[in-house]
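S.K.: Take a look at what TrEMBL says about it:
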COMPBIAS  234-261  compositional bias 'Low complexity'
DOMAIN    19-136  domain 'Response regulatory'
DOMAIN    168-217  domain 'PAS'
DOMAIN    309-386  domain 'PAS'
DOMAIN    383-437  domain 'PAC'
DOMAIN    441-657  domain 'Histidine kinase'
MOD_RES   D66  4-aspartylphosphate
REGION    234-284  region 'Disordered'
REGION    594-618  region 'Disordered'
Amino acid sequence: MTDGPATDPGAAGEAPPTTVLVVVDDDADRGLLREWLAESDEFTPRVVDAGDLAAFEADFDVCLFDVEGVRTVADALAAHRESTVTYTPTLLYVPERYGDAEAVLARLGSTGDHVDDVIDAPVRRANLARRLRTLARARHFSTKLEHSRDRHRRLVRRLPDAVFVCSDGRVTYANPAAASLLGVESEAVRGREFVDLVPAVDRDSVGRALETAGADGRSEPVETVLQRTVVRNADGGAEPAEPAASDAASADASDTAPTDADSGEGSVSEPLIDPAGPVPVEMTAIDAGDGDVQVIAHDLRQRRERQERLALYRRAMDEATVGITIAEHSSDEEGLIYANEEFKRLSGLDDDELIGHNPRMLQTDETDPEPVARLRRAIELGEETSVVLLNKRSDGRKWYNALDISPIRGPDGEVTHYLGFQRDVTEWMSHQQRLSVLDRVLRHNIRNRLNVVLGYADRAERSIAAADRTDEPLAVDAEELRADIDRIREAATDILELSDSARRFREDVGADGDDDPVDAATIVVDVASALAAEADGADVLVSTPDDSATVAGATPLSLVVDELLSNALEHVDDPTVCLSLSIEGDEVVLRVADDGPGIPPDSRAPLDSGAETPTEHGQGVGLWLVRWTIDAVGGTVRYEDGADGGAVVTARFPIAEDEATAG
């Protein structure tokens, strides 16, 4: 050895010093080596006798021995290395008296296999420190690698997903989740062919996944089922499967997962299927290196239960008897992302026409703006609300939509969507409207007419009472009496006409009738001719299109023509009434124009707003019958003052396609 100052290049700084186990037979060499190491901050020497085999039970980083030392501790060192998973480096010091180091290693034979590096005399401190530092660094990297592997093993053990490690297709490791999934201990799975854990029908696809992982690094996910495997002995008790020798060796060498398999006695029996049934999984095979394949199997039971629940919820929404919609709130358009079958029926539209569009497209020019404004305010404030809106179906028919909306909030509490429930309340609204009109008729029209009857009855009674008081004969003015009787008859006739109009609507329009396509021109001409024949001095002019115009059923159009023409003929002496029938797009348009004074504003409600108010009500129900009839067939009606005076009422009816013509 050569004595000189120790150098400390590349010292580890804050790292703990390297513990060097010194096993040197020569006293002088041992003492000098201990002295050198003790003087360096990098190393902590622990000197032991060559015969002290217990020295390997304590921790150390590098073993420094001479030729006699390695011969003495070779077996103990081999056992130590066998029992530890980290690298334990060794440095052989060869004194000058032994000659060439290569010759020494040759003489050591298999004992030399325990030597990682050699330093021969004369030795300089710096050279010794560098050799020890290099070996310590290798030890450090080995320890870090083992810590990483240990973390990986702990992670694998704690993973909620089942993890299997396979070598040549056989299971060498199964984590606790895998064992739990199969209902057995981990040891019971080891040594089995992995494809035996899945049904025969899936074995080819699972086998290909294992091969793909080995060749390409990773397979695509494969859905299969794991059969709950129980390995039983002849007595029916559970016992671990015995891995083959090659499997055990692979398990011991595996870097992917802990493998502490025990060797069992006896043969491996066939697995029995647990009555609890197979477990659906999604498995992915991944190359784990060294010929191993790691299989990760994700239990699909909870996912499928969620999917089944979601499918149930979807079916419930799809098949609900109330219209259900979901609209986005993140975009300006607030387009629909879902509409159930009932809403499609209500609107007459399909998914392509609804999804992505704002449902306000169903509103009409006649939709009341007040509930629309309330709906908009609720959406802007993220609140729920209920409104009734007048909507229009794809075929043009109007319907009243009782809409309830509720906000759907995301995890941050912000509104992301709106849930809408929609019900057709057209019939209810019609009933309410008819009740309102009936209430007005009973309170106003009929009361006024009955007051007329009662007034003339009172006058007659007073005349009789006066004659009785004077004992004079009852004087009767025949002309006056005849006028009173005419007024009473007129009032009674008005009441009967009100009753007859209501009955006619109920019987002819309110009930389900014949809606076969009929020629509109024929109906208009027939009704107009009949009324014109009864109206002395009236001119009724009718124009019809050259092309055939068909509507659904004769009754609705007949009633509308009758009411509008009768109204025009009734209120004007020697009137001129023009009826024109035309085709505009997919509608048959009837216009009735007269040269009278027009319809008073308080009687136009049926033709304008369609709603009667306490301050706006007419004297009869005729125009209401027109409105209700046209609404029932999906048409529209509008009133205008004529350019030269008079009234112009425009009624639009959907064209009914003649099947014979269509065919």
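Yeah, the Cβs are placed from backbone N, Cα and C, and that goes for glycine too.
So that I understand the layout, could you describe where these features sit and how close they are to other parts?
M.R.: A mean pLDDT of 91 is what the model gives for the domain 'PAS' (168-217).
Neighbours of D66 (4-aspartylphosphate), defined as other CB atoms within 10 A of its CB across all chains, total 24.
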S.K.: Quick one: DSSP breakdown of the domain 'Response regulatory' (19-136) into helix, strand and coil?
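M.R.: Split by secondary structure, the domain 'Response regulatory' (19-136) comes out as 64 helix, 24 strand, 30 coil.
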